[in-house]
């Protein structure tokens, strides 16, 4: 293929070259360096954010990097841009670049310990960043918690729709089962209200038993998944989609008719147990467990089933058992995410777990990328933040988001980061050794 | 060497230009303003409700001249209208944003209970007064001293309809058709049933039929109701389902009256229903046709500006905003300390007595629910909502 100079592909290449050159010093920054840089940025924001924002003419610190402000009042664009540059981009770039050798040494030192230690150090810093960032406003805190819950839900759906290659529509149903189970458990035991009467246990115990209520919610969701799996896994193709869709509606009408949990009026009064650390820990747990699951033998078998059930079966894979396990496993995590969700919003209503929720989670899975843990995280975080930031656009938001989805489907049909392994070891590695594929100029 | 130097100075210059540009854009005079947050479903399932809210709020702002005078000083009023997509979690997020980012003094909305219950929790936790113009779920205001509402509750509306039908027609056998999957129709249907059976004895609701949101064929339920010998049908449904129910009832030969609730009060109803709905009755917050005084003024202004007669959502939003305005004025002063001001507005709101709204006079109970009168509306032969009767508790 010959390319004349100045033609589009050529120009593209030159832009990429230039970007590559700019990016070159940052290629040796390890994850640890980025995290420390982010920590510096949020600390900077905590101490200097408000005076700087005031100085720039903003009333207060922009909530989500100022996108909402720009959409509301375009005149403030330079101020917001300056704020983001001064607080986030420039400090992160400087710190990451100039502490890279130190960070690499630290990272290498950490690799001499078991990987768990390194991972925990990284997670602690990450939590610190989140904690300080959300400490600035309650709005950030709420958005961060919803986003992390979206990650769990998206990951669990990706196990079925991505790794297993079936199309499941019952995730809102599983979330509802988890949400209602956990809510009833906690309200019954730790809250005195007019529906379930006096608290059965002292409320002090509540936060400690919260994990049990979530696991219980997950198990109930898995039991519900069994009801879908038994009839539908005897069939092939679209039947799971239809049966699981039916299941979602069944769960929804079940709760609408269960007067004891509030019926269509919904259930409120959940105690405030889904705090940031709790949601963070559960999100990390879910990522870790799901990632291990999909990379395990069962996960490989699952991929084999997706690519050719007959072939997999011929290669001694117990296809039915594999599919069953994966489906129940996914439902469990959907239930957990539902339980967390119920305790963030502290009011649930059968209508919340309907077709709109399904569309939301599906969009996150397909935007982020099938068959990829990183993809699910990208999709969940991306879509949550986009839809929060674009809120001022009102009706136009529902034109822009679908267009983003359509463009993704056209240019990256399997999602942003599809079919990529999430390798914790590789992420934690120091980056100062010359890599083999540094030939970015020719890329 | 020299080239590098010019590069440096170029960079320095561009940086300076950036700084000046930024500073120039940012110099804004700071004026004392009162911010009022509006949490409305501009997109999602009920955009018409969101539109009514927005229009009423904008009209109100125009009406007060964009300012409120408190303690002799004039404060500019700024409305911060945010979209909650008619989702519960979004409504909670919007309220959090309005309270912590925009630092509004008080919030009007959200409208539907599904959003108002979680949003009310946020407002109460963050100690910001909120008034929902439309929500009827008891949980919205229950045990939440910071949350108020403008509409009457369903436990009041159910008996109103039961009493009205008994006095007006002398019927004893009722048929009810309602949506079991939606909290408002379900709650109201049950309150009506208990009120009716209290009046006419056990079994006087001869048929209590339900369907699910999105159903369009009600012939099975309507046939059952007719066969059970119901003299009238109570259908506490939203305006998009009422026409189907009424038309199908008439097609099946049901001749008795069909009575509705405040959810019928949308301008769309008659457009969709046509002649089938003429002569029907429903209980509501206000009647557009035959309205007098302030109510008529509001309707005329709204109609002139937006080209249609406002729904009850718009009227209730209008009232909510006026309640907010009165409460702010009653407060006596704006200290600038947002926490103290919010507390002051809340207390002033709780102490309002016989507030004269266009949907009736209101006094708030301990829970923040209003005590007010209901209106019975008859849809006239011209398809207009005409005032028929007022019923007070």
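Heads up, the Cβ atoms here are built off N, Cα and C, so glycines get one too.
Worth saying up front: this structure is predicted, and the values here are computed from it rather than measured.
Taken from TrEMBL, the feature transmembrane segment applies to A:73-98 (among others). Proximity of distant same-chain residues to the transmembrane segment (A:73-98), defined by a Cβ-Cβ separation under 8 Å and at least 6 residues beyond the stretch ends, is recorded for 25-26, 29, 33-34, 36-38, 40-41, 44-45, 48-49, 52-53, 56-58, 62, 65-66.
The transmembrane segment annotation in TrEMBL covers A:110-133 (among others). For the transmembrane segment (A:110-133), the residues of the chain that approach it from at least six positions outside its boundaries are 31-32, 35-36, 38-39, 42-43, 45-46, 140, 144, 276-277, 280, 284, 424-425, 427-430, judged by C-beta separation under 8 angstroms.
Long-range contacts of the transmembrane segment (A:139-160) within its own chain (CB-CB distance under 8 A, at least 6 residues past either end) are made by residues 63-64, 130, 133, 166, 168, 171, 174-175, 274, 276, 279-280, 282-283, 286-287, 290, 293-294, 302, 326-327, 329-334, 336-338, 340-341, 344, 360-362, 364-365, 368, 370-373, 375-377, 379-381, 383-385, 388. According to TrEMBL, the feature transmembrane segment maps to A:139-160 (among others).
The transmembrane segment annotation in TrEMBL covers A:172-192 (among others).
Residues or ranges marked as transmembrane segment by TrEMBL: A:204-230 (among others).
For the transmembrane segment (A:237-255), the residues of the chain that approach it from at least six positions outside its boundaries are 166-173, 176-177, 180, 224, 227-228, 231, 261, 263, 350-351, 353-355, 358, judged by C-beta separation under 8 angstroms. If you look up TrEMBL, you'll see A:237-255 (among others) marked as transmembrane segment.
Sequence annotations record features per position, and here TrEMBL assigns transmembrane segment to A:275-294 (among others).
For A:325-345 (among others), the entry in TrEMBL reads transmembrane segment.
Cβ atoms under 8 Å from those of the transmembrane segment (A:365-386) belong to residues 64, 143, 146-147, 150-151, 153-155, 157-158, 161-163, 287, 290-291, 294, 303, 401, 404-405, 408-409, 412, 414-422 of the same chain, restricted to positions at least 6 beyond its ends. The transmembrane segment annotation in TrEMBL covers A:365-386 (among others).
Within the chain carrying the transmembrane segment (A:398-419), a Cβ under 8 angstroms from the stretch's Cβ atoms is held by residues 162, 363, 365-372, 374-375, 378-379, 382-383, 386-387, 390, all 6 or more beyond its ends. The transmembrane segment feature in TrEMBL is assigned to A:398-419 (among others).
Scored by C-beta pairs under 8 angstroms, the transmembrane segment (A:204-230) has its highest count with A:325-345, from the stretches A:172-192, A:275-294, A:325-345. Nonlocal intrachain contacts for the transmembrane segment (A:325-345), taken as residues 6+ away from its ends with a CB within less than 8 angstroms of a stretch CB, comprise 142, 145-146, 149-150, 152-153, 155-157, 159-160, 163-164, 168, 170-171, 174-183, 186, 210, 213-215, 217-222, 224-226, 228-229, 233, 270-274, 278-279, 282, 286, 289-290, 293, 298, 302, 353.
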